[in-house]
Amino acid sequence: MELGPPLVLLLATVWHGQGAPVIEPSGPELVVEPGETVTLRCVSNGSVEWDGPISPYWTLDPESPGSTLTTRNATFKNTGTYRCTELEDPMAGSTTIHLYVKDPAHSWNLLAQEVTVVEGQEAVLPCLITDPALKDSVSLMREGGRQVLRKTVYFFSPWRGFIIRKAKVLDSNTYVCKTMVNGRESTSTGIWLKVNRVHPEPPQIKLEPSKLVRIRGEAAQIVCSATNAEVGFNVILKRGDTKLEIPLNSDFQDNYYKKVRALSLNAVDFQDAGIYSCVASNDVGTRTATMNFQVVESAYLNLTSEQSLLQEVSVGDSLILTVHADAYPSIQHYNWTYLGPFFEDQRKLEFITQRAIYRYTFKLFLNRVKASEAGQYFLMAQNKAGWNNLTFELTLRYPPEVSVTWMPVNGSDVLFCDVSGYPQPSVTWMECRGHTDRCDEAQALQVWNDTHPEVLSQKPFDKVIIQSQLPIGTLKHNMTYFCKTHNSVGNSSQYFRAVSLGQSKQLPDESLFTPVVVACMSVMSLLVLLLLLLLYKYKQKPKYQVRWKIIERYEGNSYTFIDPTQLPYNEKWEFPRNNLQFGKTLGAGAFGKVVEATAFGLGKEDAVLKVAVKMLKSTAHADEKEALMSELKIMSHLGQHENIVNLLGACTHGGPVLVITEYCCYGDLLNFLRRKAEAMLGPSLSPGQDSEGDSSYKNIHLEKKYVRRDSGFSSQGVDTYVEMRPVSTSSSDSFFKQDLDKEASRPLELWDLLHFSSQVAQGMAFLASKNCIHRDVAARNVLLTSGHVAKIGDFGLARDIMNDSNYVVKGNARLPVKWMAPESIFDCVYTVQSDVWSYGILLWEIFSLGLNPYPGILVNNKFYKLVKDGYQMAQPVFAPKNIYSIMQSCWDLEPTRRPTFQQICFLLQEQARLERRDQDYANLPSSGGSSGSDSGGGSSGGSSSEPEEESSSEHLACCEPGDIAQPLLQPNNYQFC
């Protein structure tokens, strides 16, 4: 019977007296109120394991002297039985405590919604009461208010739920748990019970422990047990081929017969060691389990590695050092240490420990090794046997670096070639005719291999420095001398040419400052000034930039980001250019464009798929090409997820770089919401929302056209706006357009807004799991595809500011200030927590149906002061109170107090579940017709930038009262930092 996954937490604890683990507070039960802080502490002789129902907000405190579980905001979902078990000593047993979170609004906590058992087993319906006082009024019903079958025998356990004895196939049904609270009936949601017919089979066996080590004289216990639905089976325990005469204990548990033979040894000796077998058999068959029992003279600790202790890697490579430890008793202390010789610029060592029975695996991660990280790495471990250690020596391989100089020695010309690298490079000299920068052995007049160069320096873990000398007597003019070096990492060369000095002719003295010379100097000065001015203007011109950042490591508040240009590009993404058939331009901007295309053979040979292709303009500069390539590399690095615009392929050879992504038929979320808002007659408030807030808010007036932007890829200004729609090239396209038009007429519901919010949160949680910081989370950067699936896109930020008066140049980077967290605005600090702040602004956009954030407030000193002082926007008219609470938590000035994206996903899914269940929620009403089509095409780069704050009074309905008087001038959502 499966009741859902358990909560399992491990922690090494301090030693205390012999016996079972102890849970504090003591007592079999603990009753608390919702919102209280609950702390459960388990003290044991060694490592312990907690198990119990999965519930939110439990944390494990590694600093406590024992294994401590804490929740600072208890909810009814924390109700359940929690067990603490000592891992290393099965004789010690375990200790339990049952927690009640007494919530009058939630009488039941369901641990599972489906239970499957075999006929004849005990079936547990895990509906737990949250208040022990309710146990006398509980009852069980079948779905639809029907009574439980008269032949069904069941009882209620406050710790486990309703238990049906010897379940029958006829008992398969949906059950509802009921109780009375203050004279009113309180019911749980349904639990589906499925009872399968029993099939005869051999007994199930268990031999514990699976491996055992004891020091001579210690106590030990080996338990052989078997279970079966029928009583007719036998169990024996053997050591080698010898059957052990051990008493048999029988029991009947959970509708199964259980038979146990337990061997207890008070003081083990060497003759007790060996292979033990547990054998159970019946008329159907036999099952056997074996284990190895080892008796040792004393404690031991052995460290080994399958790797060589002398490691060599190239600079920039990554390496994992792995050590296996076999130990009894448990290892108490261990640590990795760097022993030098380079102690400057050392970063904190990153390692993990994997634990099995009497065996440990220690792994040290050395990522992108730097020159200063070569040297000795030392693992030290301790148990009762004492200390043991293992040392790795890491040497870095360097490609050769070469320098050629000339010096006369005793009247003869000598060329010196100084070379550094590791392993020691080989040196070859070549003499070639003429002044050339290339020469091989076939072209060379003479070749000398220096097999014994002079070693100038050979320090451990560092480069070898050598010098090769080529005595040539007299340098020959019109000759080039090459010093070529090579080792296993790479090769390098440098040439030297003799310079011929002819006789100089003295010119007659003339005045330097003649009028002609002065004029020439003046013209040259003007040209230089003009060149500097053009260079300055070019530097000021915004570049196509990559906004996302991927964290390589962090220490405290100090983050180190991966350089995306250094990421590898996997050729598996390469797609033939000839298999792309381009359609209409979806959007064009200052640096490139997004084009609809049909891809033939993408994924499968006969596949035909509509895609979006991002490309640069032919006038793009090298740094912009590098930025697009970086964007391609990072998309391939992140991998696939349903809620991000996924990479499908790329064309990087034989022409300009093309990035092929998913085609999003509904365009960006911002314009989608605004098109829906145009059809709105009034708000549809949820029952949990204040009814007094702006009840006169009836019609959202929006302009008929919005500037379509894609971070510079699809931004042309209002006049050159290209509506992103599917291109009708076939009858199937016309049907597709009809589906989109039909969808356009469907009114929005509150569930739709929750659906968009939850999907974006899931996409952001995926990016956070990949250590990716988006830095531009906004509705304009979320695209919608078939089925209203929201996808996060627009990882690059580049705007067409040349034709947009809303942007003021104050540097070389534009920033979405109204979406940014305070630490990003004032300290230029970007973290996952700053993305959470931006997500809160996006939530506000969604539940205001596409209004501008901070309506009526300009981006100026007043705006910055409001943000710094903790100003928060008012509750949007379509947002329930719970959603607005999420927004407020996202806007906490202290980043560490903001929720994680995983927590946001959980809260939104809970709200969506309640919305689906509550039939009183009404749809957001529509005008009966669609004034805007939802069939706008989208792309990976597709986004839209809203027009700045309109002066309509409807927009001010979402403002704080003090902000309504703020004049609505033309604002600027982006500024330079």
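Each position is counted from 1, following the chain as shown.
Backbone N, Cα and C define each Cβ position, glycine as well.
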Residue among Cys42, Cys177 that, according to Swiss-Prot, closes a disulfide with Cys127: Cys177
Phosphotyrosine per Swiss-Prot (candidates: Tyr569, Tyr697): Tyr697
Correct range for region 'Regulatory juxtamembrane domain' (source Swiss-Prot, candidates 12-44, 78-110, 408-440, 540-572): 540-572
Cys278, Cys483 - which one Swiss-Prot pairs with Cys224 by disulfide: Cys278
From the candidates Tyr495, Tyr807, the one which Swiss-Prot records as phosphotyrosine: Tyr807
Cys177 (disulfide bond) versus binding-site residues Ala588, Gly592, Val594 - nearest by Cα: Val594
Conformational class of Asp776 (active site, proton acceptor) under the three-state DSSP mapping: coil
Rounded to the nearest Å - Cα separation of Ala588 (ATP binding site) and Asp776 (active site, proton acceptor): 20
Between Cys84 (disulfide bond) and Val594 (ATP binding site), the C-alpha gap once rounded to whole angstrom: 58
Candidate recorded positions Leu586, Gly592, Val594, Asp776, pick with smallest Cα gap to Cys42 (disulfide bond): Asp776
Model confidence over the region 'Activation loop' (794-816), averaged pLDDT: 46
Pairwise Cα distance for Val594 (ATP binding site)/Asp776 (active site, proton acceptor) [Å, integer]: 19
All-chain count of other Cβ atoms within 10 Å of Asp776 (active site, proton acceptor): 23
Cβ neighbours within the same chain of Cys278 (disulfide bond) - under 8 Å, at least six residues apart: Ile205, Lys206, Leu207, Cys224, Ser225, Ala226, Val235, Ile236, Leu237, Arg261, Thr288, Ala289, Thr290
